[in-house]
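If you check Swiss-Prot, you get these features:
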type	residues	note
BINDING	Asp54, Ala55, Glu56, Tyr57, Asp58, Ser103, Leu104, Glu132, Arg155, Glu192, Lys308, Lys332	NAD(+) binding site
ACT_SITE	Lys134	active site, N6-AMP-lysine intermediate
BINDING	Cys426, Cys429, Cys444, Cys450	Zn(2+) binding site
DOMAIN	608-698	domain 'BRCT'
Amino acid sequence: MSVDERGLAADERGLAADEVGLAADERGRAAELARELEEHAYRYYVLDKPTVADAEYDALMRELEAIEERHPELRTPDSPTQKVAGSYSTLFTPVEHLERLLSLDNVFTDEEFHAWAARAAREQPVTAWLCELKIDGLAVDLVYEGGRLVRAATRGDGRTGEDITPNVRTLASVPSRLRGPAVPELLEVRGEVFFPTERFTELNAALVEAGKAPFANPRNAAAGSLRQKDPRVTASRPLDMIVHGLGAHQGFDVASQSGAYARLAELGLPVSARHEVLASVEDVLAFVRRWGEHRHDVEHEIDGVVVKVDDFGQQRRLGATSKAPRWAVAFKYPPEEVTTRLRDIQVNVGRTGRVTPFGVLEPVKVAGSTVAMATLHNIDEVGRKGVLIGDTVVLRKAGDVIPEIVSPVVDLRDGSERAFVMPTHCPECGTQLVRPEGEVDIRCPNTVSCPAQLRESVFHLASRGALDIDGLGYETATVLLAEGRIHDIGDVFHLAPESFEGLRGFADKKIEQILRGLEAARDRPLWRLLVGLSIRHVGPTAARGLARELRSLDAIATAPAERLAAVDGVGPKIADAVVDWFADPRHRDIVARIASGGVRLADEGAGEGPGPLDGVVVVITGTLDGWSRDTATEAVQSRGGKVTGSVSKKTTFVVAGADPGASKYDKARTLKIPLLDEAGFAVLLRDGADAARALAVPEEVDG
């Protein structure tokens with residue numbers, strides 16, 4: 001053997017050794033991941049006490065799948081990637097499903113979905129995809145014999161679940177007997193039991209009041225409510241169910257998933273009205289995007305969209321792995337709940353003196369953004385939630401909602417955690433904090449010179465929710481106050497070019513932007529000024545009501561509490577706060593300085609009687625071309641109308657733009673409330689309710 005050959009052989013042996021080492025490392029990591037996933041599945045499915053969020057579980061599963069893809073020899077039949085997650089509790093009788101209840105594979109991006117759809121259509125083109133919302137609840141299997149419900153069971157491990165028949169019988173949406181003339185001899189259906197989101201908050205409040213631990217989320221509430229030894233407890237909870245799949249059946253002959261849903265509905269089973277059959281992959285992705293934007297318009301929590309090949313013949317040909325069908329997939333949305341570490345609890349002093357504790361977190365990505373801080377509301381809330389500094393906590397961020405710490409993961413405590421102690425003095429000005437009788441909030445009473453309150457009130461006045469002063473942000477407000485160029489919100493509209501002389505960071509362009517922003521803000525609607533004054537309890541709803549009814553700041557300032565309380569959306573508490581605010585000479589001086597700065601203190605038409613839309617209640621849903629939600633709302637309110645966020649029998653019109661919220665649109669149809677498109681909305685504003693009503697045709701309810 002030559003020198004070169006010996007060197008090459010040595011290189012090959014070294015490379016082989018490296019590969020063996022790498023394989024050993026990945027083998028160890030795969031075993032570690034398998035153990036972790038088994039433990040998390042047990043806590044989730046059996047104990048209903050998960051210690052990680054769904055997104056973290058999914059990430060661990062995907063890591064194990066990637067290792068097994070690189071090293072197929074590590075993929076064993078008992079790997080978590082090859083079997084249905086879950087098990088069954090020993091508290092209930094185990095029962096075997098007639099047909100296996102499989103899980104679903106997940107995709108998280110358009111590219112991953114395209115790849116899955118291409119595999120599904122490899123042998124035969126798919127001409128119909130059924131799309132439905134993925135409910136975040138508890139999977140349940142129902143068996144009907146001769147039309148009678150004989151058994152209900154949890155998913156368990158997909159083969160064996162827990163017999164929860166007495167508990168499921170208490171659900172109003174689950175029929176004890178199927179209806180209709182052609183009832184199947186045998187019918188096994190699968191569905192999701194869920195806890196309506198609106199009722200979830202009520203349940204947790206009742207549990208806390210009774211001294212019991214609250215549920216972390218609606219899914220846990222549904223699982224905990226179903227796994228009760230006493231069915232009367234289950235019956236007291238507002239559980240609901242939607243059926244979304246078939247198991248074993250005899251005498252139930254249909255050709256497609258959509259056809260099965262229609263037949264199941266005829267039999268009296270609860271089927272979602274929000275599924276759609278679509279022809280193309282792009283249509284499917286549009287459905288996924290649409291419901292991603294409207295996921296909070298649904299009565300239950302959803303964490304994605306399930307996409308199925310609609311044709312049963314194609315489903316049979318595609319078959320399934322040991323874990324999931326090849327003809328269905330779950331397109332998961334970005335997580336809204338994750339776990340992270342609570343590094344510290346600090347306090348923030350707000351514009352009205354309220355001292356609010358907030359959590360400082362290990363930065364974590366949730367709902368599409370990275371979060372490092374989250375509200376804890378007040379000291380009582382810290383106690384109720386039982387969070388300690390150093391805890392691993394469940395963090396929730398739904399859409400545009402402020403991130404919130406939901407609960408601690410108590411099982412992960414190691415003894416190093418410590419309790420939070422509320423400060424006794426304001427961290428900004430040193431004033432002793434007070435807790436007014438009957439209130440949960442602790443406050444700094446120094447409204448005159450507390451730097452935090454002055455800074456926050458100026459920033460709030462300029463914010464988009466108030467006067468929307470372009471260029472006057474938090475940093476600018478801080479500098480202007482610190483340098484003595486303004487002293488409170490009363491000075492803001494007296495800013496002039498010379499006010500910025502000698503200040504670093506204020507170029508001519510920046511100064512011009514602020515002055516233009518002030519000029520535009522001088523003519524904002526009255527309700528925006530009311531919000532900007534930082535009167536306690538006065539938010540947009542109360543401010544709009546006061547502006548609509550009284551039309552000028554002078555009328556509001558001089559009205560007795562009884563008159564203010566009679567305004568829709570106000571009430572005695574807000575009325576008293578308004579009276580108290582205007583009774584303070586310092587506040588009257590602030591208003592006088594705002595007025596002398598050229599700000600309009602009355603809406604157009606003040607004192608002229610009712611507006612043209614007086615008594616008209618409008619709900620706006622979807623996107624209106626040329627209108628933001630705020631400007632559309634102001635257009636209605638400036639004419640005396642009222643805009644609300646939910647449809648009821650009191651609603652006069654529902655204005656539906658592009659991509660309207662399904663729940664509002666459907667409820668309008670059910671209640672036969674006139675629907676207006678953008679053209680109809682323009683007629684409503686220009687010509688009034690009668691003219692708009694003539695254009696709008698009440699939607700008829702099918703059937």
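Backbone N, Cα and C atoms are what each Cβ position is placed from, and that goes for glycine too.
Keep in mind the model is a prediction, meaning the values are calculated, not measured.
Features recorded in Swiss-Prot, as mapped to the structure shown.
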| residue | record | Cβ contacts under 8 Å, 6 or more apart |
| --- | --- | --- |
| Asp54 | NAD(+) binding site | Asp303, Pro335, Glu337 |
| Asp58 | NAD(+) binding site | Asn106, Phe108, Lys332 |
| Leu104 | NAD(+) binding site | Val306, Ala324, Pro325, Ala328, Val329, Ala330 |
| Lys134 | active site, N6-AMP-lysine intermediate | Ile302, Asp303, Gly304, Val305, Val306, Ala330, Phe331, Lys332 |
| Lys308 | NAD(+) binding site | Trp129, Leu130, Cys131, Glu132, Gln257, Gln315, Trp327, Ala328 |
| Cys426 | Zn(2+) binding site | Val349, Val355, Gln432, Leu433, Cys444, Asn446, Cys450, Ala452 |
| Cys429 | Zn(2+) binding site | Cys444, Asn446, Ser449, Cys450, Pro451, Ala452 |
Exercise for the section: Can you check which residues sit near Glu56 (NAD(+) binding site), meaning Cβ under 8 Å from its Cβ, same chain, 6 or more apart in sequence, and list them in order? Expected result: Val338, Thr339
Practice task
Count the residues of the domain 'BRCT' (608-698) that DSSP assigns to helix (H, G, I), to strand (E, B) and to coil, and report the three numbers in that order.
Solution key: 36 helix, 16 strand, 39 coil
Handout entry: Where Asp54 (NAD(+) binding site) sits in the secondary structure, as DSSP reduces it to three classes
Key = helix
Exercise for the section: Look up Lys308 (NAD(+) binding site) in the DSSP assignment and reduce it to helix, strand or coil. Expected result: strand
Exercise for the section: Determine which residues of this chain, when Cys426, Cys429, Cys444, Cys450 are set aside, have a Cβ within 8 Å of the centroid of the Zn(2+) site's Cβ atoms, and list them as they appear in the sequence. Expected result: Val349, Gly353, Pro427, Glu428, Gly430, Thr431, Pro445, Asn446, Pro451, Ala452, Gln453
Practice task
Would you mind pulling the DSSP three-state label for Arg155 (NAD(+) binding site)?
Solution key: coil
Completion exercise
With neighbours defined as other CB atoms within 10 A, the best-packed of the binding-site residues Cys444, Cys450 is Cys444
Completion exercise
Pairwise CA distances across Asp54, Ala55, Glu56, Tyr57, Asp58, Ser103, Leu104, Glu132, Arg155, Glu192, Lys308, Lys332 (listed as binding NAD(+)) top out, in Å, at 25
